[in-house]
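Engineer: Straight out of TrEMBL:
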type	residues	note
TRANSMEM	A:63-83	transmembrane segment
DOMAIN	A:64-283	domain 'ABC transmembrane type-2'
TRANSMEM	A:95-115	transmembrane segment
TRANSMEM	A:136-167	transmembrane segment
TRANSMEM	A:173-199	transmembrane segment
TRANSMEM	A:211-234	transmembrane segment
TRANSMEM	A:260-281	transmembrane segment
Amino acid sequence: MKIDRSERIDERHSAVRTYVPDARFSATSYEAIRALFKEVWGYRSHVANMFSSDFRSSYRGTMFGIFWNFALPLVPLTVYIFLVNLRVFPRHDGLAPAIFIGFNVTIWSLMTGMITRPIQVLKSRNKESMKTSLPISVSIAASFGQLCFDTLVRLGLLVLMMIYFAQWPHLNIFGFAGALLVGMVFSLSLGLILAVFNVIIPDTSRVVTILLQYGIFMSGVIFPLTSLGGLVVLEKINPFAAVIKSSRDFLFTGRHSDSIVLLIWGGIAFILFMIAMRFFYVMERRIRGID
Amino acid sequence: MTEPFDSELPLMQVKSLGKLYARKTSDTRRRMSRMARNAFWNIGKPGTAQISGSEFWAVQDVSFDLKRGEAIGIIGLNGSGKTTLLRILAGQLLPDQGEVMIRGTSAAMIDLQAGFQPKASGRENIYLRAAALGFRRSETAARVQEIIDFSELEHAIDAPLASYSSGMKMRLAFSVMAMVAPEVLIIDEVLAVGDFRFRQKSLAKVREMRAKSAFVFVSHSMGDVGRFCDRVMVMHKGKVVFSGEPDAAIAYFQTLEQNTTVAPEKSKSLIPAPVSRPDMISDFEFEWLDAAGSEPAAFMEGDAFGLRVSFVLKYTPRNLIVGVPIYDADGNVLAGLATDADGRKLEAEAGQRVVLEMKASDVVLVPGQYRAAIGITDGTEFMFMAELSDFLVRHVGRKSWGVVSIPFKWSYSVDGVAKNKPLQRTVNSLFSKRADH
């Protein structure tokens, strides 16, 4: 019996494994997505344990303990709410400023977190991963656990603010979930690609940091882009702005005036996702151990 | 182009394996950039690796098969590519040439720290390691007590791993591996960690696993390699330079070791920095001496050896001491040969040339390369400190293990005095003594 070489897509627990220089190169995007999800699922105990270990270590030794894990995610949000209430930034008509900012910062943090966390994980755990058989995708998945927790904490505060301001949503669940999905898929794809490039060109993470610092003001997070005059076009060409506006509209008004823009970004996110997952899958073993 | 694998039996098949490394990071990044471009646009494949810039083959053209029940040893000098080869076999690194095929489950013990979560407890780490080896939580839970018992870490199992010594980590890692019993086990030197008793217990467990598993075993202990492996490969500069019976491979390795200079950066780091004070000592000279009183190219194991030093004192020391520390290839101090070892005091005055000769009756070091230094002090104050030239000890035909080569001879009889006259101590007395401790 001969072994079919098409089986070379590495699956840790398969009966026959082959390590060759061109391993994974022949994988299609669908195979890569399937393999990555299977990989993360196979190591779900590790994901859970790494998340809980990171979660506990972030407050270990402090006087207020777990309180910090709830307080710190709210800091950026409360700072921006404070500044808007001081009228440092223009206000948005229709929604209470605290809710406007609270929602936008939550979605912004979620999207940027999905870009920056893969970069950070690959940078900090790449050397260690060379010494183990633990896939880097597992470490990235574990880091998303913390991101999910931070997002839930922010959403919790948002709900409290909505009750306080009696600002009830008119939720379009499909529209809201769709917009959020587009944002998350787009960000994850970009994050995975940039994480690999950051190992090869270490300047990447610095450029990303600078762009995101400016990006928050160009994405309608703190104030509406309509207040920027000619730059209102960013609502269409900036995916962050498009996703934040769409998801906000779907949550608070139940409809969205510019669904075509969201659909276009949805298409781009899908294509990017297909490219990114295969790219990451092929490169993951190659970049291991590079400082 | 390599030929297709048979599916017949070997648990591991390695064919023409190669791995490229670069001395300069820029060359590594250049290669990765090329690969990333191809991967991103889905064009081309890595193809045959070509060396460019500072790249070199860390592992080149390694081939072997490993069947169930077999153990293959890999020995070689530091930097010969052993660990890189193991990492490829363990799937931690991809090769740049050739291929590895593994049938069944495999596990690697290459780096004790790797894969452990230092902040998690020993117990949690058992679950993590087992999960990495493909075991469900419920499956691990069924064996966790057995693992804890084997590791003998009952009292420390719920403490954070960061508080463990390296020996304790090794015990934990080995216990998980032993209980999950992978079909291919890759072990790098780690069994050298830990106390003697646990090491013996581990080796016994490994022997027990041999019927079902295959082993790739890297060790600097020639005794372990010789006893445990069926075949041994000697690696040198990334290539397999010898492959065969353990005894022949070990002899080949020892010859290789004798003819290779010690990697200076490792051993030098433990040798004290040089001290030179021309106002105190000048005109320092030295030579190694063999049994005939002349400087040899190498000492022979078991022969007499000596050292002659000469220097001019520029001032009168109150307590002149000359010492010669001897280091092994890893920079560990093996012996200190000092003039005040027997309480003797050297008397000398400023302007005098001091000539000292040290004679040792036997070279009790095992064959290999050694380093030595000389320190001349006035009490505790250093007047002069320098590294002497390396020296080589060649073997004289008999096997050696460990660090020292004690002159010995075994005699035996099959119907001797022991039959009629019981010896002083019994096995039982040894075990009862251990239990008392």
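Every residue, even glycine, has its Cβ placed from backbone N, Cα and C.
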Engineer: With a Cβ cut-off under 8 Å, give me the same-chain residues at least six positions beyond the ends of the transmembrane segment (A:136-167) that come close to it.
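Structural biologist: Result: 36, 39-40, 43, 46-48, 50-51, 54-55, 69-70, 73-74, 77, 95-96, 98-99, 102-103, 105-106, 109-110, 113-114, 117-118, 120-122, 125-126, 129, 192, 195, 252, 280, 284, 288.
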Engineer: With Cβ-Cβ distances below 8 Å as the criterion, list the same-chain residues six or more beyond the ends of the transmembrane segment (A:95-115) that contact it, or say none.
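Structural biologist: For the transmembrane segment (A:95-115), the nonlocal Cβ contacts are 73, 76-77, 80-81, 84-85, 144, 147, 150-151, 154-155, 157-158, 161-162, 165, 167, 180, 183-184, 186-188, 190-191, 194, 208, 212, 215-216, 219-222, 240, 243-244, 247-248, 251-252.
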Engineer: Under an 8 Å Cβ to Cβ limit, what residues of the same chain, 6 or more beyond the ends of the transmembrane segment (A:260-281), are close to it?
Structural biologist: 24, 27-29, 32-33, 35-36, 137, 178-179, 182-183, 185-186, 188-190, 192-193, 195-196, 235-236, 239, 242-243, 246
